[in-house]
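Following: one structure in structure tokens, then a few remarks.
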Amino acid sequence: MRLAGTRWAALAVPLSAALALLAWLVTLQHAVGPARVVAGLLLVFVLPGVAATAALFPELAVPEPGRAANERPRLSRLERVVLVPTLSLAVPVIGGVLLNLVGLRLTAATWGGLGAVATLLLAGVAYLRQRGSRSPSDPFAPAGGSARPAAFPPGAAGSGRPGRPAVGMLRRLAPLAVAVALLGIAGWIGMRSATNGAQESFTALSMVPDDDPNPADQVRPVTLAVDCHESAPTRYTVKVREDAGDGHQYQLSLQPGEVWKQDLDVPTTGRVTADLFKGDGDTPYRSVFVSGLQ
Amino acid sequence: MVPAPRKVESVARVPVGAPDETMVLPRFTDSAPDQTVVIPRVAEPVAEAARAPGWLPSLGRAPEVLALSAFGVVLVALAYQGGRSGAGWAGAAYWLGQLVVSVPVAVRMFFRRLAGVAESFVLVMGLAVDEYLQKWLYSPDQFRFPDELQHWVGTNILLQDGRLFQPNNALPVAVHFPGLEEMTASLSSMTGLSITNAGLLVAGVAHLAFIGLLFLVVRSTGGSAELAGAVCVIYSTALHYLFFDSMFIYQTAALPFLMLVIWASRRWEPRQRHTAVYAVLCGVGLLGVSICHHVTAAATIATLGLIGACEAVMNRPRRWATLIVAGAGVVLVTGWFALVAREVFGYLGPPVEQMVGGVAGMLRGGGSSGGSSSPGNPMWQLAVEAFGLLALLGLLVRAGLVSWRSSGRFDAWRAAALIGALVFFASTAVRFVGSEGPELAGRASTFTYIPMSMVAAGVLVGWRPRLRGPSRPLVVKRAVDGVLSRMRPIWVHPVVLGPVIVTLLMAGSRVGGWPPYWEQLPGPYLVSGYERSVDQQGVAGAVWTYDWLGPDHRVAADITGATLVSTYGEQNPVGEASKLYYDGTWNLDDELLLQSLGVDYLWVDTRISQQLPISGAYFPVDPQTGQHTAPIPQGNLSKFDDVAGINRVYDSGDIHVYDMRNA
């Protein structure tokens, strides 16, 4: 297992570089939804951090007691796990300021390019530093041949245990699966109660004066709108009246989320009021007005 | 408390724990001064290890404990559901859920039988995930807290313009600290996720990274897995841990960089070239924290300065690395403030001046200039909070006593933690200074509670029934020993004492932190109730202002209206127009005020005539804060209908928008 872990560490660098390029390409393809999400998550939270950690700490494990003090510092697996998202997040923070400084517009393409290029550069540095530290006899072994991961030690310290590791792993991880399932249930309850809970039902009426192309003609344009946020299809009546008593009337029926609009020319003098009546009601449900120009 | 182990000189080379190693466990006990406590690590039963596959870290009982803790999250979700529907049992379910989330992890952490670092780390991260989910479950469909909405619109502006430092009317100072917006915009634009979903992911990952790095910092000082875990568990009882420290706000993005700098500075030795990578990490962290958040940047420098000063004074040979990093931080942060974020001085100045004035007033014996504006908590909640603080004070006193008695080697890290803990109590006193005292104290606790957690955890992990007391007079010693010998009960064991204190602190943080007790559960609309004030009608009205009026108009509004129109509406909010609403009739003064403030539109939410403001103020600048005895009269709000030249351009029932440009 130690060799496998070391091999994985050595593979992480080229793998992160290749994945970064692939992820960048995927994020540019707007059609592939789930793959794009995964690619974006990798580019923001994982790949730059993996490459940066590998570039800064080419060795896998912490030095053993008694090892020479001037050797390259090493990280435990736990430290790598924590540093990866932190350093990944530093890339858009610092890189974004630099890109902005050189005048590049920050779009999906530039963000993806930033993550991918940073990963490639750091992976290159990691490759060079790792190459310099490898033993000629074992291309995957870190310098000195020690790969004892001090933190996150393997569960079975002793090797050669009997039995079926897959079953043991399932038994050990079953409670974690239960925990994840419970958190999923909690999330479902939360989303359901937040979105399906007490939904407000209301309708908004608005009347907004528009730019008047001909101020001398004693009328001005306004736009009247009804925005339905009711829980069911609703019938309305809109009555527009002037001070003089003249007016228009509109009958409409709207689905929830639907908006009705009407452009009108109204006098520039006196107040023009629009009343909204809901269903067969005879008292205004909503009311807006524009005053005459002074 | 995480002092460097007495017999290990270089913290950078302290071996970290594995199940088969015996490691130095620094602890706050009253052992003989130079005696190192060596505790053979107790691994989980062999049978378990034998069943686990080789690549899987030994997780001990973490899976079972986290399963139980996750059940607590389900209870909290049900409590929130009950709160939304007004169920009477919701409060009980909430508190039961809080206990089930925290207590099992605390018990396991203080059990002294952890399987190793992996179990401790997984427990800590599991607890952080559970608590982050509680925050998410409070408002899973959209951001509702004002600060979160301000950063939501900041990210929206970045996505629209593709440029940094573009004006944001909702929080002008935040445009100079765009770290959170950069993270979120990059994720949102690359994945196609909404800003809300991308923001929730970014805030969650940043929060977990922060806790993970806190764990690493304790480990890097020689702290055991138990101690590192205990520090993180106790830190999870900070006043603002549950919400503010994991919200979609710029502090959340900055906190991992703060911890990164502290962790890396502990390992950098300028005279050892091979440790230069840690200097690089310090630079990355300092840049990150400077770009992300002003107060966190200042806190980073202060923390480094404190640790560095202690190291320079106490270490032999003197260690300058941390002070060098602190100096670099000063240059970088002040450079950023001076060249990029000059607005920060105007933003932070008034609260600081108010706090200083309040402290000066208290010292002169004149009392504080103003108390909390919101209604006080119920008495039992205040008592819980007070007992929690007393427990912390007791732990600090004990830590100080032990440190003083074992003063043969009073190491720098221990001194820095003790000083930091004292700063925590000083900042707690700020609660009682001025109207913004409680908020300032809560926000400061994000930083000052870190050393307090270290001190408390150090005492609890190394708890002994009683202190050694050679200096006591014989009569007193006999009397005290006599009493203690009869009292030697089980509660002095850390596995009992630790979880009891953690539970007390957790309860205290829930009642004294965020959200305040009156919105501990989500529920129906409340006037000036922060998250409880953001409803569909308000959001629709604010979006309407953007769609129909265009952005950047000056809109006068109440607290909630100002938040909504400045974020969803991208308008320029006017918070100083309260007189327009308080006057019973429209008069010349109102016209002059309208002109002097340059108000284009007036947002009138008629619900302010139906309820008192739950947080104490109706308006962002409210001269009657904390003095309201009745809601604003309805006539004060309907008077606008009769003013000549005013247009009522929007009516959604509770919310009216008036065009005031011809008034």
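Think of each number as a place in line: the chain as shown, counted from 1.
Cβ coordinates come from backbone N, Cα and C, glycine included.
The feature transmembrane segment, as given by TrEMBL for the ranges A:108-128, A:150-170, sits at A:108-128. Annotated by TrEMBL as region 'Disordered', the relevant range among A:52-79, A:136-163, A:220-247 is A:136-163. Residues of the same chain lying 6 or more positions beyond the ends of the transmembrane segment (A:81-102) and with a Cβ under 8 Å from any Cβ of it are 44-50, 52-53, 75, 110-111, 114-115, 118, 152.
Summarising model confidence by region, the domain 'DUF1616' (A:18-268) averages a pLDDT of 82.
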